[in-house]
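As recorded in TrEMBL:
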TRANSMEM  A:36-57  transmembrane segment
TRANSMEM  A:95-121  transmembrane segment
DOMAIN    A:96-286  domain 'ABC transmembrane type-1'
TRANSMEM  A:133-155  transmembrane segment
TRANSMEM  A:167-186  transmembrane segment
TRANSMEM  A:207-231  transmembrane segment
TRANSMEM  A:267-286  transmembrane segment
Amino acid sequence: MSSGIGVRPRTAAAPTRPVKKRVVQRTTGQRVKSTIGYVILCLIALAFISPLIYMVATSLKPAAETFTTPPTLWGSAIVWQNYVDAFTYLPFARFLVNGLFVAIAGTAINMAVAVLSGYAFSRLRWRGRNTVFVLFLATLMIPQDVLVIPMYVMMQGFGWVDTFQALIIPWAFTALGAFLLRQFFLTVPQELDDAARVDGAGTVRTFFLVMLPLARPTLAVLAVFSFITYWNSFLWPLIVVNDVNAHGTIPLGLQQFFGQQGSQWNLVMAASVISMVPTVILLILLQRHLVKGIVTSGLGGR
Amino acid sequence: MTTTSVAPPTPAAPAAATAISERKQDRDGDGQGRRSWWGFAFAGPHTIGLALFTVVPIVASLVISFNNWPLLGAHTFVGFGNYAQLLADPIFRTVILNTFLFTILYVPLNLIVSLGLAAWLTPKIRHRHIFRVLFFIPTVTPIVANVVVWRMLYQPGGAIDASVQTVFGFHAPNFLADANWAMIAVVLMSVWQGFGYNMLIFSAALDSVPENLVEASELDGAGAWTTFWRIKFPLISPSVFFATMMTLITSFQVFVQPFILTKGGPGSSTLTLVQFIYNQGFQYQQLGLASAGAWVLFIIILGITAVQFIGQKKWVHYE
């Protein structure tokens, strides 16, 4: 089973794959056919992305022109003011800062604990290691929806309802990171540990000076998954945040904004664009790492 | 985060298997390193955190489901009372049916679209990484934002309605207020936003199908269609199995799309299980009933997973 899911896709994600040059010359007919196919593919892609294009276009329209028949893509004027208004009707800057703070803090904790446990599960020997690891994997099966209610009761007990720590801490320990990091550390040759040991480094020095630098690419993948998950998270903030203006993150703010400005579609779209920018930038910058992480683990941000 | 925390049981199995084989190695004693306390120190923070925030809540969830547990105030033990109440509730039955209906429509559509596009985006396609990234965008953008955009498209007078009026001269159905259309609207939006994951997984799997097999099949005169189903599909079937299972699991947890598009309406025609859990817990403040609903969801997911694992032998080929 491991061969099917883990290994095969991973080889596919290798950055460069020599594409064999076609020896046989293609006929004109084939070339026309493939060009038509390519045009159709481009049209499908365009249709697919059109809701997002429409979103950007609407976010720049004057309020009176958001619903017109026949539909138009661009309004009579480009209204950048919509973005300013989106930031003033509701404390959208606040939601952005909150969202960034929660996502970065949660991601940092998640990376720290996962790199340590991933190392412990792969390179250290200790009593109960395999049992604990199987338990880690088992927790990946549990849907978040089953956890939110007891989690809320727990937050009541801690006095954490409507706080930032309630948004950050409970989801900072998901097992995905330990799994990703363990898979990575298993690929590091044992000779590196041995060499460090011969040089007199103990477990801690070996970890920090040899292993941690090597794990940076895998940590980057984990960081992106974790950040996106926190940034997009909706159900839990909806439950645990009471004062949206103080502790709201982007999706929560957007939902409230939508409730209040439901008729002001140009502003709602401006707010939506703002909410999408950070993750789209991450996707474009780190596409190769992300693809690799997804085909290795099959999950992340799902 | 509605659909995040589930993870595939599939990687779990091989990892568990390797864990066991490693243990055997250890017993053989090849002398690499000795047991130490460092393991506890390194694994400690993560293990304690996971125990506190996942193991404790899952147990607590079961306990709460056996209690009458209001959001505020004292709770009392009621045994299976909450489960009995759920099963007798016609709304709950509707919710279960809706959730299954969503799954039956969503999962095949998602798989067809993602498999079709993955098969189309062969390495011969120019700029295919651009297409890949493009189709992947809605899976990383906040789902709330995606849904809000679609809410505007579906609106009477919105882009779809306005286009239909311009071209055909009559109004498009009021997708979100019409009980016949609401679920379809929710499903289409969900496919648009979700198929990118499976497409990437399939695309990567197809890339690793050995080229000589494909060429041999073409030399034998097989067309692209036959080659795909006879050669490529069996080889990528483990990935298809994995993706099908993940998609099934996440589709049972659908929440944000109906919550923002229709609020479960019109009537309760798009009310899904997770929204029911949310409503019970945080609108009606009945945490016991909500937990019982959550456990029904969990049991459905475990059941589906088990059935899939048994059924896979018929069509999944492992090397």
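Using N, Cα and C of the backbone, Cβ positions are placed for all residues, glycine too.
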In the same chain, residues at least 6 away from the ends of the transmembrane segment (A:167-186) whose Cβ sits under 8 Å of its Cβ atoms read 6, 102, 105-106, 109-111, 113-115, 117-119, 121-123, 133, 136-137, 139-140, 151, 154-155, 160, 211, 215, 218-219, 221-222, 225-226, 229-230, 233, 236-237, 240-241, 247, 249, 293, 296-297, 299-300
Report the listed stretch (A:36-57, A:95-121, A:133-155) having the maximum count of Cβ pairs within less than 8 Å of the transmembrane segment (A:207-231). A:95-121
I'm a bit unsure how to read this: which one of A:95-121, A:133-155, A:267-286 has the highest number of Cβ pairs shorter than 8 Å with the transmembrane segment (A:36-57)? A:267-286
Is the transmembrane segment (A:267-286) packed against any residues at least 6 beyond its ends, judged by a Cβ distance under 8 Å, and which are they? 52, 55-56, 58-60, 63, 82-83, 85-86, 89, 92, 96, 100, 220, 224, 227-228, 231-232, 250-251, 253-254, 257-258, 261
